[in-house]
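The (6S)-5,6,7,8-tetrahydrofolate binding site annotation in Swiss-Prot covers L121, G125, H126, L127. Per Swiss-Prot, the feature N6-(pyridoxal phosphate)lysine maps to K229. If you look up Swiss-Prot, you'll see H228 marked as site 'Plays an important role in substrate specificity', on the strength of sequence analysis.
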Amino acid sequence: MLRRDMNIADYDPELWQAIQGENRRQEEHIELIASENYASPRVMEAQGSQFTNKYAEGYPGKRYYGGCEYADIVEQLAIERAKELFGADYANVQPHSGSQANAAVYGALLMPGDTILGMSLAHGGHLTHGASVSFSGKVYHAEQYGITAEGVIDYDALRKQAHEVKPKMIVGGFSAYSQIVDWAKMREIADEVGAYLFVDMAHVAGLIAAGVYPSPLPHAHVVTTTTHKTLAGPRGGLILSNAKDEEIYKKLQNAVFPREQGGPLVHIIAAKAVCFKEALEPEYKVYQQQVVKNAKAMVEVFKQRGYNVVSNGTENHLFLVDLVSHGLTGKAADAALGKANITVNKNAVPNDPQKPFITSGIRVGTPSVTRRGFKEAEVRELAGWMCDVLDNIGKDNEAAVIEATKVKVLDICKRLPVYP
C-alpha cells in the first residue's frame, strides 16, 4: 500500500546519498555549462505531481484513454502560454526532448534521403542538424555549412552552397555560436532554392522569449526548442510555428503522435506550463538581459588576459575560448577548472587541430550563474579566477592556484546559493 510519508531516504539510502551529493555539487560549484540552468521549485513540484501516473495518448479533447479531463487542462494551458510567449500560431508541447522535436519536424516535412543543409557540429551546430553519427545524418542526405575564420556565418557562402546542393530544408540554430543570426537572410536563401527554413532555437529560447535576441518565428516555417537551457524549465522539447499553414500544422501533429512518440509525459507538460508562465513575468526579461550582460563582461576579462574568444565576443549567453595559442586543450582546461569547482565543457573551435574528445577550446555560458544572482562584478571576478587556473596548467604551482580558487568559489557559492 502507498502512503504519503514514504520517502527515498528511509527506503534507498544509496540513491538518496547520490541525490544529496548532486544537491551539494550544484550548490558548491559554479555552473558555466551553457546548456544547463536551474529549474524553479515550482517546475520541480509539477514534475513530481500525480500527473506522473497518467497516460494520455492523443491531444486535448481527442484522447485514446479516459480520465484525461485534467491532463487536457494542463496541456492546453501549456500550449496557449507557449503561443503567447513566442508569438506563435501553433505549439506542440508533447516532444520529450529537443532531439525528438527535431526528429518530428524532419519526419513531418521530409522523406528519407532528402537533402538538409545545417551548421556543422565542428563549427557550432548540433548533432541533430545533420551530423554523420546522428539519425539526421543517416536518414537524410546531410550537407553542412560552417563559419568563417572570424567565427561568423558567411551568408554569401551559404547562399552559394544552397544553390549548389538544393536542399529540401535549411536548418538554422546552433549549440556553440555566440553571434546574432540573420533569420530573414536565411529565409531569403531558403525561398530562393524552394526549401523549408527550420530553426532550432534551443540555446537562445529564453533570450528570445524575453526579447533580447531576435526571434526566428516571423521567418521560419517551423521552430523547435528545448524547455530547459535558457528557458530554465523542465527537460523537454517544444515545436512552434507561425507559418499560418494548417497543412504544416497537421503534419507536425501527426509526426509527434503517433509517428515519433506514444503517450506524452503529462507531469513534464505541467512543468512546461509553469515554466512558460514564469517566462511571461516582467522579472524574467531582467534576468535574460543580465545573462547577456554577464557573458559580455566575462568575454572582456578573457580578452584582457590574452585569451582568444571565437568571433571576438558574444551577443547571447555563451562564448568559446580558443586555447590553441596557449598550448592548452579543452580537456585539460575542463579538468583543471573542475578541480576548482568551476564547471565548463570542452568544445571544438573552428579549424580545431584536436580530436573531438580532446578539443582546443572551452564553452562558457552564463544562464546558471545569473540565475543564482551573479552580476557583472561577480562574473568579472570569476573570469579572472578562471584565467588564473588556465595560466598555471602544467606549472609547479598549478595545484596551489586551483586550491586557492576553490576556496574563493566555495565562498561566493555560499553567499549566492542556488536555492536559498
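Yeah, the Cβs are placed from backbone N, Cα and C, and that goes for glycine too.
Annotated features, which come from Swiss-Prot, shown on the structure.
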residue	record	Cβ neighbours (10 Å)
L121	(6S)-5,6,7,8-tetrahydrofolate binding site	23
G125	(6S)-5,6,7,8-tetrahydrofolate binding site	25
H126	(6S)-5,6,7,8-tetrahydrofolate binding site	23
L127	(6S)-5,6,7,8-tetrahydrofolate binding site	16
H228	site 'Plays an important role in substrate specificity'	25
K229	N6-(pyridoxal phosphate)lysine	26
(6S)-5,6,7,8-tetrahydrofolate site, defined by L121, G125, H126, L127: further same-chain residues with Cβ within 8 Å of the Cβ centre: G118, M119, S120, T128, H129, G130, A131, S134, S175
Between G125 ((6S)-5,6,7,8-tetrahydrofolate binding site) and H228 (site 'Plays an important role in substrate specificity'): CA-CA distance (Å): 18
Separation of alpha carbons, K229 (N6-(pyridoxal phosphate)lysine) and G125 ((6S)-5,6,7,8-tetrahydrofolate binding site) (Å): 16
L121 ((6S)-5,6,7,8-tetrahydrofolate binding site) to the residue listed as 'N6-(pyridoxal phosphate)lysine' - Cα separation in whole Å: 18
Separation of alpha carbons, H126 ((6S)-5,6,7,8-tetrahydrofolate binding site) and K229 (N6-(pyridoxal phosphate)lysine) (Å): 14
